[in-house]
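Sending over a structure as C-alpha cells; questions will come in a sec.
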C-alpha cells in the first residue's frame, strides 16, 4: 500500500512554515493519540502523523523528501524503537567512478577497526514527565560481539584464515569492456563478503558472524524541559564496533503525549479556565491548576472572556540554562443556558437599572462591527 503524502497527512500546504507544521501536528496528535482516542484505527493514524512530523519538522529530511518523495526505509527516514540509522550515500556515483577509474584510491583495509552502527529508540513521555524529567530504564536489541568466539566468528581454538580468493584484500579485480576500452573494476569479494577472511570452522553460537543480537538494559536520565521531537545521545550504547572499533551511539527520540488540559508553547504553558458571568462581573479568587501545583488567582471585576493572566515561573524549566517559563491562564466566561423564572426576573431588573447600556469598550467593538458591515 502506497504511503500518503506527508503534507496531506498533516493537512498543510507544501509551503507551510515550521510553526504551521508544529501546530498541525499538535492538533492531530492530540485528536488521534491512542491514550485519548480509543476508536479503531486511531493508533495507526497516530503513527502516520508522527512519521510525517518526524520528517517535515527536520529541515534536512524535509528537503530530501521534497526532492525524492518516499524512499526505501533502509535509505533514510528510519525510526521506531531500536531502529538503526542508515543513509543512502552516493553509491550510484561510486559505481561510475569504479567503472572508469577502477576504484583507485578508495579501497579500505577490510580488517581496519570501524565504528559500530548508531541506534535510535523512541521514548514516549507523559506531559509532566517531559516537564520535570525522569529516570528510565529501556531495553535495546542490538548486535554485540559473540562471547564464545570473541567476535572472530571462528570455532574456539581456531582462527580465521586469509581469504584464498581475494588474498585478504576483501575485493577482487574484474575486467570489464566499456565504450572507452577494457577497464579493471574492483568489486567486493563475494566469498568473504569483503572481510578478507575465510572461516573454515564456524563458531556454533554465532554461526561464523562474530556477532549476536542481545537485549541490553540501559538507564537513561531524561532531562527536565525536554520537548516533543527532541533527541538525546547516549554515547557508546549503539551496536558493537567491528574489528575492535568503538561502539556506535544510541539516540533517544522523545514523543510527548498531549495533555487534555495543559498546552505547551516552547517553555510556556497555556490553559483555559472557565468562570461564571457573576465571577467575571463582580470579581473573585479561583484555584488554577499548574504543573507545579494549585495556584490562587485573583479575577478583577469586569473581566472579559479571553482575558489572559500570567503566572510567572509556573511553566516548563529551561532545558539549557537556569529559569522557568510562565503559565498563561485564558479565562472563558460561561453563560448559563438554563435559568429559572426568579433568575430571569433578577436579570431583567438588572437590565432595567442599566438601561440596556454597554460600556465604552463594548460600544467601541459594536461600532467597529457596524463599520465592517458597511464596508467603511
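Positions of Cβ are set from backbone N, Cα and C atoms, glycine also.
The annotation Zn(2+) 1 binding site is assigned in Swiss-Prot to 146, 149, 203, 206 on the grounds of sequence analysis. Under the heading Zn(2+) 2 binding site, Swiss-Prot lists 163, 166, 189, 192. As annotated by Swiss-Prot, domain 'J' applies to 5-69, with the evidence given as sequence analysis. Summarising the annotation, Swiss-Prot assigns repeat 'CXXCXGXG motif' to 146-153, 163-170, 189-196, 203-210. Residues annotated as zinc finger in Swiss-Prot: 133-215.
Looking at the shown structure, what environment does each listed feature sit in?
Listed in sequence order, 146, 148, 149, 152, 153, 154, 155, 156, 210 are the same-chain residues six or more apart from residue 203 (Zn(2+) 1 binding site) with CB atoms under 8 A from its CB.
Every protein chain shown contributes to the tally, and the Cβ of residue 189 (Zn(2+) 2 binding site) ends up with 21 other Cβ atoms within 10 Å.
Here the repeat 'CXXCXGXG motif' (146-153) has Cβ contacts under 8 Å with residues 159-160, 197, 199, 202-206, 208-212, 240 of the same chain, all six or more residues outside its ends.
Remote same-chain partners of the repeat 'CXXCXGXG motif' (163-170), defined as residues 6 or more beyond its termini with a Cβ less than 8 Å from a stretch Cβ, comprise 107-111, 188-189, 191-192, 194-198.
Mapped onto DSSP helix, strand and coil, the repeat 'CXXCXGXG motif' (189-196) counts 0 helix, 0 strand, 8 coil.
Residues 145-149, 151-156 of the same chain, all 6+ positions outside the repeat 'CXXCXGXG motif' (203-210), place their C-beta atoms under 8 angstroms from a C-beta of that stretch.
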Which residue counts does DSSP yield for the repeat 'CXXCXGXG motif' (146-153) in the helix, strand and coil classes, in that order?
0 helix, 0 strand, 8 coil
Enumerate the residues of the same chain, 146, 149, 203, 206 excluded, that satisfy the criterion Cβ within 8 A of the mean position of the Cβ atoms of the recorded Zn(2+) 1 site; list them in sequence order.
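Everything else in range on the chain: 147, 148, 150, 151, 152, 153, 154, 202, 204, 205, 207, 208, 209, 210, 211, 212.
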Could you list the residues of the same chain, at least six apart in sequence, whose Cβ is under 8 A from the Cβ of residue 206 (Zn(2+) 1 binding site)?
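Non-local contacts for residue 206 (Zn(2+) 1 binding site): 146, 148, 149, 153, 212.
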In sequence order, which same-chain residues at least six apart have a C-beta under 8 angstroms from residue 192 (Zn(2+) 2 binding site)?
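Listed in sequence order: 110, 163, 165, 166, 170, 198.
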